[in-house]
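**Student:** For reference, the structure I am asking about is given below.
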Amino acid sequence: MCTFSLSATTSMQLGSVAPTPSSSISLPLLPQINSNNYLSIPFIFNFKFNNSNNKSKHTVISAYSRTKDVWRRTTPPHETTPSHQPRKRRETHYLDHSVDMDELLRSIWDTQNERELFSVLSPYKGRQLSIRFMVLLLSREPDWQRSLAILDWIIEQALYTPSVFAYNVVLRNVLRAKQWDIAHGLFDEMRQRALAPDRYTYSTLITYFGKEGMFDSALSWLQQMEQDRVSGDLVLYSNLIELSRKLCDYSKAISIFSRLKRSGITPDLVAYNSMINVYGKAKLFREARLLLNEMRAVGVLPDTVSYSTLLTMYVENQKFVEALSVFSEMKEVRCSLDLTTCNIMIDVYGQLDMAKEADLLFWSMRKMGIEPNVVSYNTLLRVYGEAELFGEAIHLFRLMQRKDIEQNVVTYNTMIKIYGKSLEHEKATNLVQEMQKRGIEPNAITYSTIISIWGKAGKLDRAAMLFQKLRTSGVEIDQVLYQTMIVAYERAGLVAHAKRLLHELKRPDNIPRDTAITILAGAGRLEEATWVFRQACIAGEIKDISVYSCMIDLFSRNKKYTNLTEVFERMRGAGYFPDSNVIALVLNAYGKLREFVKADALYREMQEEGCVFPDEVHFQMLSLYGARKDFNLVETLFERLDSDPNINKKELHLVVAGIYERANRLNDASRIMNRMNDRGILKSRIT
């Protein structure tokens, strides 16, 4: 887990930060306080919570509320309150070592209201205990209501000077309990007491709000932190990037990464690896690849995770030649291979019809000290099947069983598909029975594979009976299974049956609406997908950004540009940020609708958010400016892109020359072409 290590002497300084795995979110630790002034406060304490504390939770809350309502305070800051009374002169000798903190905590945990709690603490009202003792006591109190009451006692009864560390502890407890309004109130009270929120304050707020998916609130706290000139650090920004990635909000992640670098912080290996993943998910392949060069330039050497993340990105987008190139580079720089890398490359070799290379890599894994796992075997099985090496596939499958190597549903699904390719449908059916006897439950892919095999073998009655049985048995019917049955009906010429299934998806009762939308959109059923989408919007059932994306793609394919922009506005209203593909489709729609102002506003807004566009988006915006006859904007954008080292200069000049040529501005078109010749751009392959 990543930690914040802060020291409080005269000024706060950032300590060392441990790297985090890119797959986890780090919660900030409490600041460590200089032993001359305060005690160190650990983030997590081991304690036994007294169950009697929960007996009268409502009593505790109401008792606190009657006495003090810090989160709805209406008293102006300048009015005299107990917290502004003159402080007594600080005692030089404390009773810290003579007080048993565990015993005192047990007494506090037995209290059921504010009056009882104040009574327990009353012997120390004269501030015989140091503030470091009180802050440590606070940090060991897990109940957010009691921690609020203890804070009130510290400041308003014992008249300690307000401490930012005490507030940070209580703020953490409040946020753990998801009391968001109270957290806002505590922050405001710190301001009223002239306490400056520190890095820990903001990192706690940002992390907890972000963790709960309230990303706009998390970013507003980041903005407030920057306004207060409280510097963020690598861990804070990395947390936000990771939260964005998990929420599939890749544009936000790219924006935060840009902000991180603008603040003068050098990303570490974990941050770079996370961003390679983000760029890949956003389909910004060139930007992801260029990150490797940037890493080397700042002294951060790409590791196995960096390369395997790139490989995964290319494979997910079926860019297998590019993946092969990355693997070659990985071997050239002698970056060690791991299990993930080998599994990916076995798949890549298979996709490129390089079954021999896949076979060689698999059987050489143990020589490299890498033990193949079930994924390795399953991947090689699939490669054998695609290459129609059925004998090798069967041999490997039975070898796994002889050597007691784990087999799972993917193993069986792969072998069932192989038997289907070799037209041995009875053996495929027998495998389903075999896997069930071994306690491996078939899934939707198993059934869709069997239905497809039976359909191709002319056994449509068996396929239809199985599908109907699955629908009534409560098995989850996913989009693959539905589409398989629709294709089986259409292949057999039973178009009416296929249409009936599509019609049923308009009123899905056994699958989620977003799944139905994806199925209908994937099948190109415009009317049905639109109807289900609107019903899902009304019911508030769309929780996945991919549903909006598939509808935008569907409307774009069918040239329904008004509907496309409507979906986009709903998408933005739901708080989702578009990826570069969606932006390109929306810009095109705005252009077709002659809504150039909206297109320009979207383009500028996304750039201000730090979005990184592929060249096509920039070129599309140039074309829209040209269609609008706004050649000043064409020139302005052209010059800006020409100075960007990441833009393909040859394509850029050709696009701009074409814009001028279509507008019959031949002198300008000639000027652009001459500029290409003068720079030698026209002859270069990649510029």
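Positions of Cβ are set from backbone N, Cα and C atoms, glycine also.
Annotations per TrEMBL:
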type	residues	note
REGION	71-91	region 'Disordered'
REPEAT	163-197	repeat 'PPR'
REPEAT	198-232	repeat 'PPR'
REPEAT	233-267	repeat 'PPR'
REPEAT	268-302	repeat 'PPR'
REPEAT	303-337	repeat 'PPR'
REPEAT	338-372	repeat 'PPR'
REPEAT	373-407	repeat 'PPR'
REPEAT	408-442	repeat 'PPR'
REPEAT	443-477	repeat 'PPR'
REPEAT	478-512	repeat 'PPR'
REPEAT	544-578	repeat 'PPR'
REPEAT	579-613	repeat 'PPR'
**Student:** Using DSSP, how many residues in the repeat 'PPR' (408-442) fall into helix, strand and coil?
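**Tutor:** Output for the repeat 'PPR' (408-442) reads 26 helix, 0 strand, 9 coil.
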**Student:** Top stretch among 303-337, 373-407, 579-613 for CB pairs under 8 A with the repeat 'PPR' (233-267)?
**Tutor:** 579-613
**Student:** Could you break down the residues of the repeat 'PPR' (544-578) into DSSP helix, strand and coil, giving a count for each?
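**Tutor:** Helix/strand/coil tally for the repeat 'PPR' (544-578): 26 helix, 0 strand, 9 coil.
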**Student:** Which residue counts does DSSP give the repeat 'PPR' (268-302) for helix, strand and coil?
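**Tutor:** Tallying H, G and I as helix, E and B as strand, the rest coil: 26 helix, 0 strand, 9 coil.
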**Student:** Sort out the residues at least 6 away from either end of the repeat 'PPR' (268-302), same chain, that have Cβ-Cβ distances under 8 Å to it, and list them.
**Tutor:** 19-22, 234, 237-238, 241-242, 244-245, 248, 250-251, 253-254, 257, 260, 309-310, 312-314, 316-317, 319, 322, 326, 333, 335, 579-581, 612-614, 646
**Student:** Restricting to the repeat 'PPR' (579-613), report the mean pLDDT as a whole number.
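**Tutor:** Here the mean pLDDT over the repeat 'PPR' (579-613) amounts to 82.
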**Student:** Which residue counts does DSSP yield for the repeat 'PPR' (233-267) in the helix, strand and coil classes, in that order?
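**Tutor:** Summed over the repeat 'PPR' (233-267), the classes give 26 helix, 0 strand, 9 coil.
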